[in-house]
Structures are given as structure tokens and as C-alpha cells.
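Under the heading active site, proton donor/acceptor, Swiss-Prot lists D329, E511, citing sequence analysis as support. Under the heading substrate binding site, Swiss-Prot lists R169, W176, D177, N213, R222, S223, Q224, R294, P295, E296, G327, E526, citing sequence analysis as support. For 1-39, the entry in Swiss-Prot reads signal peptide, with the evidence type sequence analysis.
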Amino acid sequence: MPYATARSGDVMSSAAPPCCTSLLGLSLSMFVAPGTLTAAPLDAPVVNAPAPTPPTPDLAYPELFQAVQRGELFDDQKHFVDFLPLRDPALINADYLAQHDHPGFDLRKFVDANFEESPPVQTDAIRQDTALREHIDLLWPKLVRSQNHVPPHSSLLALPHPYVVPGGRFREVYYWDSYFTMLGLVKSGETTLSRQMLDNFAYLIDTYGHIPNGNRTYYLSRSQPPFFSYMVELQAGVEGEAVYQRYLPQLQKEYAYWMQGSDDLQPGQAARHVVRLADGSVLNRYWDERDTPRPEAWLHDTRTAAEVTDRPAAEVYRDLRAGAESGWDYTSRWLADGQNLRTIRTTAILPIDLNSLLYHLERTLALACAQPGAECTRDYAALAQQRKQAIDAHLWNTAGYYADYDWQTRTLSNQVTAAALYPLFAGLASDDHAKRTASTVRKTLLRPGGLATTAVKTGQQWDEPNGWAPLQWVAVDGLRRYGEDALARTIGERFLAQVQALFAREHKLVEKYGLETDAAGGGGGEYALQDGFGWTNGVTLMLLNLYPGKDTKAAPAKRVRKPEAAAR
């Protein structure tokens, strides 16, 4: 498996990354004991060695895997990788190789005989006479999973505590989704479940050295937008500021993962998630340890790479994987020509949202280190200030908004996207920059159904005309932090009306919404529209409490010192 393909300027190790080493035959009994949150040394300089895991499906039974995915045996490429092998995958693959050329061989029957299917999450059994808030409260139990042990050869990773899945095809927990889900759990009074989800993420950090995209073997080679510090902040709002010190070891490991390799970079070089610019400042990008097709989207990726003639397929695969790590899979933000997926160059982009989240992580670490008894040798407040200065220098467009920066071509994007509001959400924007960004967003991205993701139509799901619950909340919360209450209310109420209209018609909440007046679910992407839906449920509850209707009673929020307050 190739791991060392890199763009010009990337500094790569010749060794296979530890999270992706193939360890055939190892079972989940070799996991760290569920429920144990190991106390890592403070200011751990390197990421801990990850726990051994079974190989991903594309490595465990490669020939069978490719036959199923290439043959489009299932409409959704993710479906097969979630199947449970009923015996040793190597034996299944050997039997496939011995039988597949025989006359009358039936691939579907072979799969059915050797795998157990994982059904989608069902949420349609809820009463049809419920109001929106009650419906969400009834949804939570249907979205809860408890998997502190999984069968051998499963692609699922065990977690010590119950957790909430998004719904539909998403039968596992997802990193950045979960923050917005946890907001709703707290509003619903499900504070124990919210705490358990936080502890699961701390466990993942302790076990694998980072929080993977989701709790599947095929997600271990990457992470997702780093919201762990926001989860800790949310829990501090429930329990008090001692929470910051409790999760300090995991916050430090999370930071070490995202910053790994930064100390050794020369100007103009990149390694993993970090890039050192010509002026010496360090900013981050999205990345994936592997440069092969994603198992859960194998055919999509191979077809995309086949369209590219001017660079290696491995480079395309890594950029597709990095795009998946971004959460925005996919969007014009990552496309060189702004339209075609084959021009994807995610690893060349320094995203404004990612760097805002890491600023919040640095501020949270500074706050945790200030707690009585904490011992920290790094000045995280200074690191946050350095990042803020780098963002202002490289990610601020003087036309009046924050944008992404291409570190290879040294060009700042002129595209206005919903990500421009992340610096407000993280509390790093100056008052002037916040005001100008709000004005630009109002003119460019405001739609009848809320905040548009971008103003570009590409057919990708993270572009016009779709609206996503997490981006609505980032916008509303960020704008309110800077006194832009009117625009925040407009965005929040418009999106809430869209959610309510679709709910009134179909009695469900969905993953994404079209923002025109017909109150439809969103389109585009590699799979059908999903309902459930974790982060929409959470954001809807937050908006209902901010902008209550006739049957909604808003409870006053408990105030906690936030890590960005010292930086304003």
C-alpha cells in the first residue's frame, strides 16, 4: 500500500503510518479495556501509538471487496463495508477466489452466505401526532447505540459507553456531528448521555491517538473537524470549570495529533496536517494517512481518479480522503476549477474553519492549564495568539470576509462561504472583521431557508442550494457573540421555518435542506438523503430555545467562562 505520495513541499516519513499498518488476524480483544481513560503525560510531545485493529474491508478481503464494489451489488457503496463477516475474512476471500470463475457462480448469494447485513437506522416508528420538540425527544432513544464489544472481523470499533448515531446509513458515531447532537441532548436533559459521548471521544483519543472520522476501521486514517474542545466546553456548562482539567490530557493529545511534525518544518514545507508558510507561521490543513480509494466510496473514488490525467491517482485519492475529513464532502472550496471533482486539491488548502477550530482548542488548553493543580509546559495562549495573527495575515480577504488560502499557489480564495463565520464562532475575529463579515454574508449567502453553504452550484452537497444544520448554528452563535443579533435571528428563524415545514409535511428531520421556498430536503452527494437526524435534531432544539414558538419554553442557559473570552 503506498503511503508516501505527496505534493511538492510535503515532508513525508518513509515508514507506513502507525494507524494504517495492516495487522491481519488481530481481534478486538486486544483493545484497551473499555471504560479506561488513561492519564497521559501532560504536554505529550508525540501522538500515542494506536491500538491494533482488524484490517479495513478493502485489505481483509481485497478481491471480493473490489468485485462487490465494482459490480455495484448495492446502491450505496458504504453498505457492504458495514457487513459483518461470519468467519475469517481471509478464508472467505480464498473461497471467493476458488469459486468465482465457476459456471453459475452468484456473487450476491456468496455475499449473503458469508456476511451479515447491517440494516439502516429506523426512525419511522414514532407517533405521527407529535409536535417537533416532542418528536426530537422521542428520537433520541432510537438513535442510541451501545457497542462496548463487537464481534471479531467487524469494521465497527467498540466504545465503552452508549452513543448517538446520526441515522439512516450512518450506523456509527461521527466526530463533528456529535457536538451538535450533544447540544440537543443537553437541551433535552440527556446530560448523562452527552457526558458518555464525551468520554467515548476521550477513550478514542487515548486508544488511537486521535478521534477518527467515525468508529469504523476504515475511518481510522483520518479525523474530522476538531470539535473536542467545544464538547469539553459544553460539559463545563453542565458540571463546572473542573471539567477542563479532567480532560486536559486528551485535549493535549488531540492538539499533538493535529500539530504532529510542525516543529521540524522549514518555510514552504508541509507534513501531515501542518504547513509552515514562507513567513514562518504555521497553519493547518486536512489530510489522510492513506492514499487509496475510500472503502465506503470505492467506486466513486476510482471513477474520479480515472478522469485525471495530469497527476498520480494516489494524490487524487488523498485529496478525496482529506475532503472527507473536512466534513464538507464535497464542495467547490476544494476544487481547483470550482466545479469538477476531478480537480480536487484539498491538501493544498488552508481552511478558515479548521484553523478557527484549532484556535479554540488552543484557547481551551490555555484555560485548562490555568486551573488549580494543572501542570503545562507549553504556552497555549501564545500559540493561539500566533494562530490568530496568521489567520489575520493569510485568511482575511480585504473585500470583507474570511476565506481559505492555497499554500502552494500562495493565493487567497475570493469565494464567500459559510465557513467565513467560524472565526466569529471561535471568538478570534476583531469587532471590525466580524461586522464586515456579517455584512458580506448577509449580501451573499442569505436565502429564504437560512444560510447557504456557498453561492456556487456544482451538484456537490456542500454547495448551493443546500443548507446544513451545523453551519446554521455556527452562524447564529458566532453572530450573536459579536452583537449581530438581527442577522443571527434571521438565519435561525428562516432555517427553523424550513425544518418545521418539512416536518409538518413528512414528519421527519433530515440531514440537509434545500433553502428555497419549497421546504425540500437537500440534494447532491454520493448517497440518498438521510433522515434521523442527529445534528439537525440538536440544532433545531437550540434554535427553538433561542427563537421560541407558542408551545416552546426557553430555559436560561448556565453561563460558564469560555476559552475565547480572554482573547477578545
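Including glycine, each Cβ sits where the backbone N, Cα and C put it.
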Site with most surrounding Cβ atoms, counting all protein chains shown within 10 Å, from the binding-site residues P295, G327
P295
Here's one to test understanding: among the recorded positions R169, D177, Q224, P295, E511, whose C-alpha is closest in space to the C-alpha of D329 (active site, proton donor/acceptor)?
Q224
Looking only at R169, R222, which of these binding-site residues has the biggest number of Cβ atoms within 10 Å around its Cβ?
R222
Determine, to the nearest whole angstrom, how far the Cα atom of P295 (substrate binding site) is from the Cα atom of E511 (active site, proton donor/acceptor).
22
In the chain carrying D177 (substrate binding site), residues 6 or more apart in sequence that have Cβ under 8 angstroms from it
P166, F170, P470, G534, W535
Within 10 angstroms of the C-beta of D329 (active site, proton donor/acceptor), what count of other C-beta atoms is obtained when all protein chains are considered?
21
Count, for each of the recorded positions Q224, E511, the other C-beta atoms lying within 10 angstroms of its own C-beta, and report the residue with the smallest count.
Q224
For E511 (active site, proton donor/acceptor) and Q224 (substrate binding site), the CA-to-CA distance in whole Å is 17
